[in-house]
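**Student:** Dropping a structure here in structure tokens format, bear with me for questions.
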Amino acid sequence: LEKKYDEVCEFCKKYKTRIHYVVYGILITAYFAGVIAACSLSFQRALPLFVITVLAIFFICWDFLIAKYEDRITAFFSPGDQCLKKQWFWLKWVLCAILIIMIICWLIFDTTKQGSRQLISFGGLVMYVLLMLIFSKYPTRVAWRPVFSGIGMQFILGILILRTKVGFDIFNWLGIQIQTFLEYSDTGAKFVFGDKYTEHFFAFKVLPIVVFFSTVMSMLYHIGFMQWLIGKVGWIMHVFMGTTPVESLVAAGNIFVGQTESPLLVRPYLPYITKSELHAVMTAGFSTIAGSVLGAYISFGVSSSHLLTASVMSAPASLAASKLFWPETEKPLVTLRSGIQMAKSESKNLLEAASQGASTSIGLVANIAVNVISFLALLSFLDSALSWVGNLFDYPQLTFENICAYVFMPFSFMMGVDWEDSFIVGGLLGYKTFFNEFLAYERLSKLIQNREKGGSMYINGVKQYMTVRSEVIATYALCGFANFGSLGLVIGGLTSIAPSKKKEIADGAFRAMIAGTAACFMTACVAGMLAVPGLEVPCHILLGNASNLDFLANSTQLIECCQHVFT
């Protein structure tokens, strides 16, 4: 029996590759048979599976062709590339002229159709670009390709997602799927904390989502899916924007992971990057949010599709803002030709990866909890102290939110927020900048709930909720880690990864935070230009005023309300 066993082992070793191919062939055949069977039973029901399968086949074939015939493909396109470089001097001016004409035409037609509010958002975008240029580290050394291509990528993504039905439906579907997926964390929370866990909403409902998402991300990282996805997104930004591989990969990574985790993807190369690249790495962290906390904000009641869109759109915006605020003046050492490789997971198997992901989230959950407790307590103390000071001058309603609202009010208005709502959004931006985005989104969720419940818009002269348009723009503007709390986190995290860059990190961190804030504002401006206004007033309020003769002018809203009530 032992001899037979040895013969089988020897046979398996000898034909190991062939056996793998046979097993893979059987599994792939079974999978395709399952897909075909599901599609034949109900194609509508199996449509998501069909789309995923087609995309998987496309990218597998793409990777195979690039790996095998990369040199031939490069040689095939090299004559065109050389011709483009020769004619680029006059061609770039022609492209700029065409782009300007297209923007003017689009603004004219869109303003005619949607109204003039989009023009304010466009003016805000121009204003932020000019401000970044004025306060740039090297204003005369700015390379405009990353700036314009970054804003262009934002604009294209925004049009696809916010203006086309297919794009909107895809991201809306993705948002619903993520929301449904995150609700599975309730099972673990219910088992640990009991049936009444929702009574302590933040501690037992929101924070377990962070744990669950961290676990899933760790598993995806172990199987190599995250590295593959980040690599593809980074390659697209590298090709279109002309940014270096390191900053492109980190910017792509920040869509999915946090500002201290994404630099780990390119950890071996950090000691060799330039000051401008380091600034881009930090800016990318400040202008986006991690996937783990994205789930927490969705649980607050903030639109999942808009949060998802904001995360994607802010990646090219971060590189555009960074290259405008700190232009490249050195020659990058790390290029695609140097064979850049992303770090791999240290876990030995999938279960260990899941366990490590859950364990890693302990620090993140504790950090979120203690920061929220301390900042809310500090905010309460500040409001009390300011109210006491204000009372000395017969102005007892003086609060930290009011001060921030006045400071950020012009910035929020230039994003396209209604003037009546710009005071509220200004306060939210102050919370986000001086404390963290958790407090800002928690406050925004209350405003959204107040609008959905209806009731009086003003109570004692204080506005209780905003228009839908203002809520959408605020969602985009708040979607980033650019705050003073994260400043220390970035300096500490990056210094531990690249100790040789300690001085450069400390020097550029504050500028990166400002650039990250500007990137979020630019994303909000693009959203303000493209967001189509929906039904602003709750139906029961609108129908309650139907007896008013002036209401006849809003017949479109009446039809929408009747359809909503009928549904």
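Cβ from N, Cα, C; glycine included.
Here's the feature list from TrEMBL:
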type     : residues : note
DOMAIN   : 124-195  : domain 'Concentrative nucleoside transporter N-terminal'
DOMAIN   : 203-301  : domain 'Nucleoside transporter/FeoB GTPase Gate'
DOMAIN   : 306-528  : domain 'Concentrative nucleoside transporter C-terminal'
TRANSMEM : 21-43    : transmembrane segment
TRANSMEM : 49-67    : transmembrane segment
TRANSMEM : 88-109   : transmembrane segment
TRANSMEM : 115-135  : transmembrane segment
TRANSMEM : 142-162  : transmembrane segment
TRANSMEM : 201-223  : transmembrane segment
TRANSMEM : 235-258  : transmembrane segment
TRANSMEM : 278-300  : transmembrane segment
TRANSMEM : 364-386  : transmembrane segment
TRANSMEM : 473-497  : transmembrane segment
TRANSMEM : 509-532  : transmembrane segment
**Student:** Are the transmembrane segment (115-135) and the transmembrane segment (509-532) close enough to be called in contact, which here means at least 3 C-beta pairs under 8 A that are separated by 6 or more residues?
**Tutor:** yes
**Student:** I'd like to know the mean pLDDT over the domain 'Concentrative nucleoside transporter N-terminal' (124-195).
**Tutor:** 88
**Student:** So how many of the residues in the domain 'Concentrative nucleoside transporter N-terminal' (124-195) end up helix, strand or coil by DSSP?
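**Tutor:** Taking the domain 'Concentrative nucleoside transporter N-terminal' (124-195) as a whole: 61 helix, 0 strand, 11 coil.
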**Student:** Restricting to the same chain and to residues at least six past its boundaries, which positions have a Cβ under 8 Å from a Cβ of the transmembrane segment (142-162)?
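**Tutor:** Tertiary neighbours of the transmembrane segment (142-162) are 99, 125, 129, 133, 136, 168, 170-171, 237, 240-243, 309, 312-313, 316-317, 319-321, 323-324, 327-328, 522-523, 526-527, 529-532.
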**Student:** Quick test of the contact rule: Cβ under 8 Å, at least six residues beyond the ends. What residues does that give for the transmembrane segment (21-43)?
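**Tutor:** For the transmembrane segment (21-43), the sequence-distant neighbours (Cβ-Cβ under 8 Å, at least 6 residues beyond its ends) are 49-50, 53.
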